[in-house]
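I have placed the structure first, in the form of structure tokens, so that the comments after it can refer back to it.
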Amino acid sequence: MSADRRPGGPPTGGGRPRPGGGRPGGPRGDRPAGPRGQRSGGPRGDRPAGPRGDRPPGPRRPSAVDDRAGVARRAAHQVVLRVLRDGAFADRALHGAAEGLPPRERAQAKRLAFGAIQRRLTLDHVLGRHVDRQLDLEVRAALHIGLYELLFSDGTPSRAAVAAAVELAKPNQGFRLVNAVLRRVIDEDATTEGRPRLPADDTPEGAAIRHSHPLWLVRRWWEWLGPNQTRALLAAGNRPVELVLRVNALKAPLDDPEIPGEPFDDELPEARRITGGLDVLGHPGWRAGRFVAMSRGSMHASRAVDPQPGERVLDLCAAPGGKTTHLAALMGGEGSILALERHRGRARALARTCERVGATNVEVRGEDALEAQLDAGSFDRVLLDAPCSGLGTLASHPDLRWRIKEPDLAEVARLQARLLEVARRAVRPGGRIVYSVCTLNPGEERLGTADGATIRRLWPHKDRTEGFYVATLDLP
Ligand SMILES: C[S@@+](CC[C@H](N)C(=O)[O-])C[C@H]1O[C@@H](n2cnc3c(N)ncnc32)[C@H](O)[C@@H]1O
């Protein structure tokens, strides 16, 4: 197998995949508003709010009743193509492509699209054994989906997966190549006991291909955590993430029987785990603000602030506001929260969220925290949920691993250091600062034990939630 990596770099107009081409990653600091599709974006921080205006027409839906690809695969193909071709954010592309699909088809589209995007490096590695010419992107996207189904998705008969991928590639004449390649893969696997021939993960190079993560990142984790932890972390990056709701105590009792899911975490009585899927945004309880979707990692960060009713709290990097509104609920709506958000559109969306969930003690300001006029020493507690590389959220953001580039890490670390200075100035003597990042990168860890802080790390492979670093510092 060839092992060449082609990160986010689609060939255009036919051609062997080539590197480059993805949307440049800047410091990440944002989650798109909305649940668990929520946490996307290139390095977190720089995405506009709301669905993109440049949404392409939805997936091609042939009029033929007997469409062997099916609407879910067509939507998935559209998503994969948009990520390859335009550097689109996968969750937003899905939002457009799967619009109007019934929940089951939507879930299937998401599973296929996100799986094919996450596994891109592995899939291109397998493809490299059978294709030695440039591919049009719609053909490459069809191959990715077909291969993903063959190699990683149980339940679809091989012949059906091949036939569907061939349909996806049409009318491009490359559909014949799709057929030939996928059949060769099936024949090859027949000689390897039904398993794709992939490199062992006993070196960073092999692990990068086998677990489909960029080599620079695997090398970093390998050096930091050692081979075993790294392999476990990489595997977790390809597993579906748990869907967790936070019951909003401002609007509903914790045992509200109309809120779906089961309590499951003694440390987080407000958390409910959903099994079997849920259309969160379509649920009347979500519209009424009785619950929000939020990862447990994120809940731990806001809980570390431990805000008390009546206190004055500063949330320096607030949108989309999972933590802001959690803080408001923990305060029982009493006291005040000043929520700053540099991105104006996201600040407006946060203000709407506060209204929906009844967080009336939050003042949202669309301001850059580095320039905001804040009275020194005037806040009891400050949360700095900083823009970060988001490497703890790779499972929920399939395109992020290809989007983020190693030089982004230093850039975002500099911003974090500057924001922390703002937090230090704003907090009163005897107050508390919580610094959190949803990443797994020592270079973005601030306020260590040497500063007197208490550290909590959450790991996708151990804690089954997003990776987080949460540092809590009580000032003298
Ligand atoms: C990690 S996200 C925050 C997530 C949020 N705390 C939550 O729980 O939903 C970081 C946010 O900080 C914002 N941001 C980045 N730099 C900023 C700055 N200098 N001042 C204010 N906000 C900033 C980004 O736009 C992004 O929305």
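Heads up, residue numbers simply count up from 1 along the chain you see.
Cβ coordinates come from backbone N, Cα and C, glycine included.
According to TrEMBL, C317, A318, A319, P320, G321, G322, K323, E341, D385 bind S-adenosyl-L-methionine; the candidate from D279, D368, D408 that the record adds to this site is D368. Look at D368 (S-adenosyl-L-methionine binding site): DSSP puts it in coil. When the Cα positions of C317, A318, A319, P320, G321, G322, K323, E341, D368, D385 are compared pair by pair, the longest gap among these S-adenosyl-L-methionine-binding residues is 19 Å. Listed in sequence order, A339, A349, L350, T353, C354 are the same-chain residues six or more apart from G321 (S-adenosyl-L-methionine binding site) with CB atoms under 8 A from its CB.
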